[in-house]
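A.B. asks: Next up is a structure, given as C-alpha cells.
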Amino acid sequence: MVEDKIRLLIVEGRSHSGISDELLRGATQAIEARGADYDVITVSNALQIPTVIAMAEDAGHRPVGVRYDGYVALGVVIRGETYHFELVANETARGLQDLGVAKRLPIGFGVLAVDEEAQALSRARVSEGDRGGAAAKACLETIGLKRQLLGQAR
C-alpha cells in the first residue's frame, strides 16, 4: 500500500512581521525537506489560531474541504505592561492543546511567548532557535505516531 503524501496546514498569527517571516521560513523548510505538502493561512494574532485550525479540521470532513494530516501553529506574543500577554499566550496554548487531545490532531506548537522582541528573533531565526522548524518537525513526528498507533492517515 502506498502511503498518502502528508499535507499540513500552517496557521500563522502575523503580529510581528520580521519574526513571523522567520518562523514561517523555518516551518516551510522543514516540511519541504520531508517532502510534504502544505498550505498557509494567515491571521492577525495568535489567539485566532486555535479557532482557525478547528474550522479547517471541520471543513476537511466536508466534500469540498481539504483534509490535513496535521497543523503547525506559528505566532509571537510579546509581554507588555498589562495582563493581555498572559491571556493571549495561555489561551492560545490551551486552545491548541484542547484541540489536539480532543480531536487527536497532530499540532506543532510554534507560538513564542517572550518578554522582548530580541528574544523572539533569536528563537525564530532559522540559524538560531528555529522554533518554526521545530514545530513543523514535531507535527510530522506526531503524524507518524498517529499512523502507527491508530492506523490512521487522514
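Note that Cβ sites are derived from N, Cα and C of the backbone, with glycine treated the same way.
As listed in Swiss-Prot for this protein:
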ACT_SITE  His84  active site, proton donor
BINDING   Ala46, Leu47, Gln48, Val76, Val77, Ile78, Phe109  5-amino-6-(D-ribitylamino)uracil binding site
BINDING   Glu81, Thr82, Arg123  (2S)-2-hydroxy-3-oxobutyl phosphate binding site
A.B. asks: May I ask for the distance between Ala46 (5-amino-6-(D-ribitylamino)uracil binding site) and His84 (active site, proton donor), taken between their Cα atoms and rounded to an integer number of Å?
C.D. replies: 12
A.B. asks: For the (2S)-2-hydroxy-3-oxobutyl phosphate site made of Glu81, Thr82, Arg123, how many Å separate the two farthest Cα atoms?
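C.D. replies: Result: 23 Å between the two most distant Cα atoms.
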A.B. asks: Sort out for me which one of Ala46, Leu47, Val76, Val77 has the most neighbouring CB atoms within 10 A, since those are the binding-site residues we care about.
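C.D. replies: Ranked by Cβ atoms within 10 Å, first place goes to Val76.
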A.B. asks: Reduce the DSSP letter at Val76 (5-amino-6-(D-ribitylamino)uracil binding site) to three states and note it down.
C.D. replies: strand
A.B. asks: Looking only at Ala46, Leu47, Gln48, Val76, Val77, Ile78, Phe109, the residues listed as binding 5-amino-6-(D-ribitylamino)uracil, what is the longest Cα to Cα distance in Å?
C.D. replies: 16
A.B. asks: If you measure from the Cα of Leu47 (5-amino-6-(D-ribitylamino)uracil binding site), which of the recorded positions Glu81, Thr82, His84, Arg123 is the nearest?
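C.D. replies: Closest by Cα: His84.
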A.B. asks: CA-CA, which of the recorded positions Glu81, Thr82, His84, Arg123 lies nearest Gln48 (5-amino-6-(D-ribitylamino)uracil binding site)?
C.D. replies: His84
A.B. asks: List every residue in the same chain as Arg123 ((2S)-2-hydroxy-3-oxobutyl phosphate binding site), at least 6 positions away in sequence, whose Cβ is under 8 Å from its Cβ.
C.D. replies: Leu112, Val114, Gly129, Arg131
A.B. asks: So if I measure Cβ to Cβ from Phe109 (5-amino-6-(D-ribitylamino)uracil binding site) and keep only same-chain residues at least 6 apart in sequence, which ones fall under 8 Å?
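C.D. replies: Non-local contacts for Phe109 (5-amino-6-(D-ribitylamino)uracil binding site): Ala73, Ala93, Leu96, Ala135, Ala138.
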A.B. asks: According to DSSP, which kind of secondary structure is Phe109 (5-amino-6-(D-ribitylamino)uracil binding site) found in, if we only use helix, strand and coil?
C.D. replies: strand
